[in-house]
Protein chains: 2
Amino acid sequence: MKLLDGKKVASALDESMGKRVEELKEQGITPGLAVILVGSNSASSVYVRNKKRRAEKLGFDFQLIHYEDTVTETEILNKIDELNNDDSIDGFIVQLPLPDQIDEDKIIQAIDPKKDVDGFSPINVGNLWIGDSTIKPATADGIIKMLDYYDVKLKGKNAVVIGRSNIVGKPVAALLLERNATVTISHIFTKNLPEIASRADVLVVAIGDPKFIKANYIKEGAVVVDVGMNHDENGKLCGDVDFDDVLDKVSMISPVPGGVGPMTITSLMDMTIVLAEERAKKVNGSK
Amino acid sequence: MKLLDGKKVASALDESMGKRVEELKEQGITPGLAVILVGSNSASSVYVRNKKRRAEKLGFDFQLIHYEDTVTETEILNKIDELNNDDSIDGFIVQLPLPDQIDEDKIIQAIDPKKDVDGFSPINVGNLWIGDSTIKPATADGIIKMLDYYDVKLKGKNAVVIGRSNIVGKPVAALLLERNATVTISHIFTKNLPEIASRADVLVVAIGDPKFIKANYIKEGAVVVDVGMNHDENGKLCGDVDFDDVLDKVSMISPVPGGVGPMTITSLMDMTIVLAEERAKKVNGSK
């Protein structure tokens, strides 16, 4: 059994990303990433802190815009408009969830799709499925980068995705399909899930249910990617897969924590650098 | 065995669509549909003629803009701009394929997504996958309408789509998923296709290969939707499914011709009426 060690992959990729940032700086461009955070949701605060740390380590300009949870929709929309028009910002995200008085759809739609590094705006989702995308949702892209690192072949393999969220399940299905896997998308209404899951050469689980996936869901020798981030009965972080139960059956598995999590941030950073590289091309092209 | 008789469903739906057109006309609105056709591809000409016939039968304003195949990209782009800004046109399509001197992507991108009744522009594809779409690609939507008509339940069923084109395979997968089927997307790189296909309660085939699907691809009692439109060795129209070979195994099957084809046009008409209804709401709202 081999661990899909997201932390290790992330630091390996950090090295080449760091070089790309240096090259950009030599051209007078610093990748600019901003995060809008509202309120004091503790999970969100942790995510944002991790993003900040990685961005600063890579030499980005990082802006954290932190509002009280009494902020109005208009204030956020004005800030988005400002970021949309700020040439030094290559990408930005609004950390979800948002307080009740704010319409999340409206907020997401206000973000210029060219700066939407989360990849959730309709035009970016569309390009993802058409197979012509620059910006890919970070978790899905991070999973593919991790599988690539461990040389997991996808072409012709049976991939099963459990969970069909717009944030993980659907985009990872799109990317597995782009890599020529045969892709099955399963969800809460799927019948005989253990049978369907156990056909998977590559199983991606993103349901948010602690240790839900047991050995009977797993094909002998499967590669398992666990996107879950839950707390078990003792308050300890755990995934959607019962790691100990499946361990003897899998050929590779991503742990929680230290699997998909670090890869998500890596992809977000990579996407920001790609956008900064496009800015550099434009700036140089117009000289 | 029951035939999924697209022709019959189409004329049943024509009736209610006709009533909606009448209601619109009472409000002073006539659904406006335009088709840009380039050159004299005989298949395209047949498709366009069928669309024209149905649109006129339903009482639409139908405009056919027919160019010689020597037309320039600029001419088409100018026409698209004109149609984008013509309030009497609710939707329009550019019939593909286009001659070599024309960049199809550029043409599709020039169409205002709000009038893109084919649903191929990125923003409409994105909304389709997000699950928040007004405009759905006509063939995919037509298939769902046909299954609904015959009361085929999709929730929790295993649906397998063979073929992953942006025009049919992927959008029909999105709609089957929206209806809570467990969806598998298979394609040219899929291994053991007969095994995978024969797990399907609902099998949708869109590969463009005459009579490719034989009885060994079919689960006993499956519902089979054949999107193919090919010519067999005698030049006769046929689908991707070997109709005679699978007949004893299926519970329902769509014939070719007379299955999906008429439903595609029905959905295109329905989509145009929906857009006209939105226009009517806007016009009345602003009174």
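Placed from the backbone N, Cα and C atoms, the Cβ positions cover glycine too.
Unlike curated entries, TrEMBL annotations are predicted automatically.
Per TrEMBL, the feature domain 'Tetrahydrofolate dehydrogenase/cyclohydrolase catalytic' maps to B:4-118.
Annotated domain 'Tetrahydrofolate dehydrogenase/cyclohydrolase NAD(P)-binding' per TrEMBL: B:137-278, in sequence order.
TrEMBL lists B:Gly163, B:Arg164, B:Ser165, B:Ile188 with the feature NADP(+) binding site. Counting only same-chain residues at least 6 apart in sequence, those with a Cβ under 8 Å from the Cβ of B:Ser165 (NADP(+) binding site) are B:Ala206.
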Tell me, how many other CB atoms lie within 10 A of the CB of B:Ile188 (NADP(+) binding site), whichever protein chain they belong to?
11
Near-A candidates in B:Gly163, B:Arg164, B:Ser165, the binding-site residues, by Cβ under 8 Å:
B:Arg164
Mind tallying the domain 'Tetrahydrofolate dehydrogenase/cyclohydrolase NAD(P)-binding' (B:137-278) by DSSP state, helix then strand then coil?
53 helix, 26 strand, 63 coil
For B:Gly163 (NADP(+) binding site), what is the tally of other C-beta atoms lying within 10 angstroms of its C-beta?
23
With an 8 Å cut-off on Cβ distance to the B:Gly163, B:Arg164, B:Ser165, B:Ile188 Cβ center, who else from the chain surrounds the NADP(+) site?
B:Ile162, B:Gly169, B:His187, B:Ala206, B:Ile207
